[in-house]
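What follows is one structure encoded as structure tokens, with my remarks underneath.
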Amino acid sequence: MLSPFLAYLLSVVLLCRIARSQYSSDQCSWRGSGLTHEGHTRGVEQVYLRCAQGFLEWLYPTGAIIVNLRPNTLSPAASLLSVCIKPSKESSGTHIYLDRLGKLRLLLSEGDQAEGKVHCFNIQDGALFIEAVPQRDISRKITAFQYELVNHRPGADPQSLSAPCQPCTDAEVLLAVCTSDFVARGRILGVSEEDEQTSVTVSLSHLYRQKTQVFVSGGGRAKRWTGFVKMSRQCGVKPGDGEFLFTGTVRFGEAWLSCAPRYKDFLRVYQDARQQGTNPCHLETD
């Protein structure tokens with residue numbers, strides 16, 4: 001028979017193990033397995049992800065997990081964030097719901113995940129409730145997706161990666177030069193329509209900044225870069241003469257356009273702001 005002290009110690013150890021099984025996170029990404037439920041197929045595990053981007057991978061899903069996506073720092077602006085997730089095309093074995101105050105709304109069925117399309121929702125819409133689909137054989141089932149927190153321009157659709165189809169104000173253009181994932185000067189070579197978006201082929205004479213390598217150099221003495229930028233189909237962009245200043249964000253490895261004034265118009269705005277000392281950052285325009 002166990003002594004009172006050993007019995008107490010054993011109960012503490014068991015409680016710690018239960019707590020670890022119910023609450024887990026590594027801040028940015030999470031990888032887990034349904035096999036850890038040890039037969040409790042209706043168990044629900046809490047996952048907390050607090051970075052701007054990361055991934056989730058759930059092997060052999062059983063029961064359910066609740067994924068809480070929140071930024072590291074709390075501020076009034078955080079309520080304007082959208083969460084975008086991109087499932088792997090091999091993702092299967094679960095349905096994904098939005099859980100707001102205990103009310104579930106289907107976001108992605110098991111079949112929807114296989115399309116690999118990006119889906120966005122407002123961060124205030126709740127956590128993700130990911131429920132395993134009952135299976136006789138779970139050995140080949142893996143639910144996996146990437147996620148990013150997106151800060152949209154005012155007026156943007158929180159359920160889309162694209163910026164609103166309206167010209168940026170002078171102030172928005174100047175700020176975009178400082179804060180965008182990519183800033184470049186170039187021309188539009190071609191436009192192709194896709195299912196829910198437009199893909200624009202661009203040739204760049206100046207690449208001021210790119211967060212990741214979405215534009216590639218053509219080599220040679222006359223340095224030029226080429227690549228693609230995405231935007232909403234409703235924007236109705238067409239190939240045309242003249243140079244533009246392209247700014248935007250990189251989402252899931254793709255460049256999405258935000259502000260794109262004609263370069264001569266940007267130059268006028270930038271030079272005026274520079275003379276008045278109101279430009280928020282410097283850009284080499286020579």
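Cβ atoms here come from the backbone N, Cα and C positions, even for glycine.
Cβ neighbours within 10 Å of Cys28 (disulfide bond), excluding its own Cβ and spanning all shown chains: 14. The disulfide bond annotation in Swiss-Prot covers Cys28-Cys51 (among others) and is backed by sequence analysis.
Under the three-state DSSP scheme, Cys120 (disulfide bond) falls in the strand class. The disulfide bond feature in Swiss-Prot is assigned to Cys84-Cys120 (among others).
The feature disulfide bond is assigned by Swiss-Prot to Cys165-Cys235 (among others).
Look at Swiss-Prot and you will find Cys168-Cys259 (among others) tagged as disulfide bond, backed by sequence analysis.
Look at Swiss-Prot and you will find Cys178-Cys281 (among others) tagged as disulfide bond. Its Cβ placed at the centre, Cys281 (disulfide bond) has 9 other Cβ atoms within 10 Å.
Residues or ranges marked as signal peptide by Swiss-Prot on the basis of sequence analysis: 1-21.
Comparing the disulfide-bonded residues Cys178, Cys259 by how many other C-beta atoms lie within 10 angstroms of each C-beta, the top residue is Cys259. For Cys165 (disulfide bond), the same-chain residues that are 6 or more apart in sequence and have a Cβ closer than 8 Å to its Cβ are Met231, Ser232, Gln234, Cys235, Gly236. Reduced to three states, the DSSP call for Cys84 (disulfide bond) is strand. For the pair Cys120 (disulfide bond) and Cys178 (disulfide bond), the Cα-Cα distance reads 25 Å.
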